[in-house]
């Protein structure tokens, strides 16, 4: 290839910019920035398309922090009320619900810490930054749900085996009704819905793919916590109504705790699957490998695509890397630009890395160039 080979690594807007060259600047004087072939006056930078993704990420984090702070305050107030009410009533179900709220509060703090970490700049050791801290925090929150639910199921079984306890139905009913109201408020605060639209620049665009932005991982984990508590609160209210009208049916307290604990565990399955997909660097839900490949092949001059990888740093920070082969080596710059702009226009990628290669350099026997299995 003519000239020295150069590679550029440019960080996000909030981080420092680095330029790594194979040869030192002493041997090669600084060159003017690359310009568009058709219009020498216009400049094309490889990260021009990342601004929307960066701005969306900043809005997402600010929005998530605000929701988590409000939810934490409300959660703390109702935890205090439930602990006092459950102690007075002698109800395991009420104390169980308070324990769930306490775990929720802890998960909110974990989520806030992970959001703070994920906003830190990248380093030479962590070149992607701390984005995965958000995923790890969400995973920790899900694990705490399983642990606490397991403890509560054990306590419910103990009460079924040894029914030597009394319950104040009136206090239990009042407390459980307040708890249900608290969880409904928390669910409304943490609920998020999104659509695959971009409103940047006053435009209203639709992505060509079926991808829809997923909920922030921290908010999603917190929401799952609250949904679990909502199920638990419903179970407490049901058992409270039974005990209030039929005090001799106090077994309803541990039975409802046991039954609704199963529903709590079921609510974590989907979010746990998505978190593990991110950690395993799997293709994010809603983005199809074949669609991305076809959009690259549709660019004039691209003859083949291999080493195509799709993964995500967080739920909504999707990354693409690929090698493309062309028989028009003289237009490598134009092909690189067209492919990059095409995939950014059709898919919500946070970062795209494309390597252009001459088609005669391809090796059919190369194991790294094989098409992935279904």
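Yeah, the Cβs are placed from backbone N, Cα and C, and that goes for glycine too.
Quick caveat, the model's predicted, so the values are computed rather than measured.
Taken from Swiss-Prot, the feature Zn(2+) 3 binding site applies to 45, 47, 366, 369. What Swiss-Prot records for 100, 104, 225, 229 is Zn(2+) 1 binding site, and it gives similarity to another entry as the kind of evidence. Positions annotated as region 'Disordered' by Swiss-Prot: 18-48. Annotated topological domain 'Lumenal, vesicle' per Swiss-Prot: 156-169, 244-251, in sequence order, evidence recorded as similarity to another entry.
Here the features listed in Swiss-Prot are placed on the structure.
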residue : record                : Cβ neighbours (10 Å)
104     : Zn(2+) 1 binding site : 28
225     : Zn(2+) 1 binding site : 33
229     : Zn(2+) 1 binding site : 29
366     : Zn(2+) 3 binding site : 10
369     : Zn(2+) 3 binding site : 15
Contact set, same chain, for the topological domain 'Lumenal, vesicle' (156-169): CB under 8 Å, 6 or more residues outside the stretch
88-92, 96, 240, 243-245, 247, 250-251, 253-255, 257-258, 261
Provide the three-state DSSP residue tally for the topological domain 'Lumenal, vesicle' (156-169): helix first, then strand, then coil.
7 helix, 0 strand, 7 coil
Other parts of the chain folded back onto the topological domain 'Lumenal, vesicle' (244-251), taken as Cβ under 8 Å at six or more residues beyond its ends
159-160, 163, 165-167, 169-170, 172-173
I'm trying to understand the geometry here, so how far is the Cα atom of residue 225 (Zn(2+) 1 binding site) from the Cα atom of residue 369 (Zn(2+) 3 binding site), in Å to the nearest whole number?
43
DSSP output for residue 366 (Zn(2+) 3 binding site) maps to coil
Go ahead and report the DSSP secondary structure tallies for the topological domain 'Lumenal, vesicle' (244-251): helix first, then strand, then coil.
5 helix, 0 strand, 3 coil
